[in-house]
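Enquirer: Supplied in structure tokens, the structure appears directly below.
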Amino acid sequence: GMEHKNCYFANSIIFSLQIFLGALAFSFFAKGFSGSYMKSMSSQIERRFEISSSIVGIIDGSFEIGNLMIMVLVSYLGPRVHRPKIIAVGCLIMSAGAFLSVMPQFLMGRYNYERITVSVDNSSKSVSACSPTSSEGPAVTDATETLSTMINADCEKTTNSYLWLFVLVGNLLRGIGEAPIMPLGVSYIDDFSKEENSAFYIGLVRSSGMFGPTLGFLLGSFCASLWVDVGAVDVDAISINPKDSRWVGAWWLGLLICGTVNFIASLPFWFLPYSLPKEGENENLKISHLSVQGDHCKIDTPAQPQLKFSEAAKDFLPALRKLFGNPVFVVFIFLTILQYNSLVGIITYEPKFMEQQFNVSVAKAIFLIGVILLPVTILGMFLGGFLIKKFKLHITEMTKFACVTFIVAYLLNLLYFACSCEALQVAGLTGVGCKRSVGNVFCNAECNCKVDQWDPVCGDNGITYMTACFAGCKSSSGTGRNMVFHNCSCVQGQGLGLGNSSAVLGQCQRESCTKVFPYFLALQTACAFFLALGGTPTYMIMFRDHVMRIFFPGGLPAPIYFGALIDKTCLKWGTKSCGGSGSCRVYDTKEFRNVYLGLIAGLRAGCCLLYLVLSVLIMKRFKPDGKEMTDIKNAERSASKELDTANKREILPGSRTSEESEETYM
């Protein structure tokens, strides 16, 4: 009697599919959320650890490496493991990765941003940035000495230089943990849902996961606008604002939230069974289906073939050889890799580009990406999938559609170059000199300025000076970020008369750039929409996910070479408290723009070419003759036969219409 009761309990397993779908949707949300948050924090991490953009690119790429190591393994162990438990472990590993990345915040101590020492005149509150050694003698040297000893003490206390490795390893763990979620989740749904429902379920899970990236960017924007040591430091005493390139946001705060969300995502999976009765069989699930073996309750599911890994690998290589013998596939792979590279480069460095070009704070740039660009991309993807279904486009038509939309996006992309505005002028760095008109002497000659400092002030003449000392400022009023420097010899030297020789803290605001920014944003939104509309989703129909995934490390080097080339356009590197160069403080705006937009345009030009080649190849292969082209299912089937991979199942349109790169990256 007792055993029978236990076995009837098996009926409740039928609800498990719904629970699994809910849990999987939340885990998709969690990985998108933490992935995009990490992406949005790259410039904060760059500044906090004082590293160059190419190292940020390497930290970024570690996620991909972790992902790839596991992905190949997971694809072959597939149904032979306890899938819900493996997914649970994956979520836990992602959570651990996020918590590990936070560690440096608690090991590093406070963030001291670079600023110059000013000699304070005892009689008044006024400060002089320019300190001629002759007049003030030992007092100043004492001050400077104490400062330098203080800095050295700071150095011995913390070996900050390699703490970014924590973030790298945390990111690697996030990649490892994320790998099993999608393939195992999708195959679990495939195995235990009705044939006709599985595409719908998978679409549902994916689209609910798309809220993750948007919320991740919103959280990123919020954290970037808080000071890094929030709660431990009096924020009013900080003399820089979030637009400053020395500003560091509370990058660690959001990581704690990401870690928690990933931890919660793992919980439901521990309680889900190894296998479920196939959906729809529950109506005729009689006792005959349940064989009672002692205390154990067993639902007879068709036994999974126990494939060994070596055998799977044996199947895999011929399948791959066959694929590479197929020109359509080869062109498609290269196309995807190029497209993925441009996408990854954009997602990684877009906030930095907006900040440097258009004078917006990183926090605002991240916010706009999350609120405008991502939703528009998602809209484009859904609309693309909808159009294909509605008009039952077959393969040749889909290719033409993708080709046309991509070329439209590319032409819009070229208009970016028109959205230019005045370059930032920094005295001594961008060809604006510090020479006085009279006698060709440097206007700050008597000030003994340290060359390697960066604490910029903006003169009334619209020129930025590296420090108040470089502007030759003799006095000041106000405190904190409202400090104003007066009678600055360099500012008045520009022919504006003597009255107007003051300077304020921070780089000069470039008005024309702020005006151009909305146009740039509109253009970018249109571009993102067209890219998503006809992007890879249309082709993803032709392939099983993980076959493609093997080629995605093609996107791995993107952040690294983008970062290295962006570093080349740096005008002024920061100095760390221990000496040595830190992260870039100011870029040559024109150069940066040409390098960044040029790289993207170059990669996409390659894509355009390959799209045209692909269209020609596919139109040759599927000549519209007779009935078979009228039915999209047949077209799909013939495509699947052409590209027969280790997986034999065809995929319905709409089931995997989200761009794989969106999946891994955001």
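Backbone N, Cα and C atoms are what each Cβ position is placed from, and that goes for glycine too.
Sharing the feature lines straight out of TrEMBL:
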type     : residues : note
COMPBIAS : 628-651  : compositional bias 'Basic and acidic residues'
DOMAIN   : 437-492  : domain 'Kazal-like'
REGION   : 628-666  : region 'Disordered'
TRANSMEM : 12-30    : transmembrane segment
TRANSMEM : 86-107   : transmembrane segment
TRANSMEM : 210-228  : transmembrane segment
TRANSMEM : 248-272  : transmembrane segment
TRANSMEM : 328-349  : transmembrane segment
TRANSMEM : 361-388  : transmembrane segment
TRANSMEM : 400-418  : transmembrane segment
TRANSMEM : 516-535  : transmembrane segment
TRANSMEM : 547-566  : transmembrane segment
TRANSMEM : 595-619  : transmembrane segment
Enquirer: What average pLDDT is reported by the model for the domain 'Kazal-like' (437-492)?
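Expert: Summarising the domain 'Kazal-like' (437-492) by its mean pLDDT gives 81.
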Enquirer: At least three Cβ pairs under 8 Å linking the transmembrane segment (516-535) and the transmembrane segment (210-228), pairs spaced 6 or more in sequence?
Expert: no
Enquirer: Suppose I define contact as three or more CB-CB distances under 8 A, residues 6 or more apart in sequence; do the transmembrane segment (248-272) and the transmembrane segment (210-228) meet it?
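Expert: These two segments touch.
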Enquirer: Quickly jot the same-chain residues contacting the transmembrane segment (86-107) by Cβ under 8 Å, restricted to those at least six beyond its ends, or write none.
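Expert: Beyond its ends, the transmembrane segment (86-107) has Cβ neighbours at 24, 27, 30-31, 34, 38, 48-49, 74, 158, 163-164, 166-167, 169-181, 184-185, 228, 251-252, 255-256, 258-260, 262-263, 265-267, 269-270.
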Enquirer: With helix taken as DSSP H, G or I, strand as E or B and everything else coil, how many residues of the domain 'Kazal-like' (437-492) land in each class?
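Expert: The breakdown for the domain 'Kazal-like' (437-492) reads 10 helix, 16 strand, 30 coil.
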Enquirer: Would you say the transmembrane segment (210-228) and the transmembrane segment (361-388) are in contact under the rule of three or more C-beta pairs closer than 8 Å, pairs 6 or more apart in sequence?
Expert: yes
Enquirer: Counting only residues 6+ away from its ends, which parts of the chain sit with a Cβ under 8 Å from the transmembrane segment (400-418)?
Expert: 384, 387-388, 393, 520, 523-524, 526-527, 530-531, 533-535, 538-539, 597, 600-601, 604-605, 607-608, 611-612, 614-615
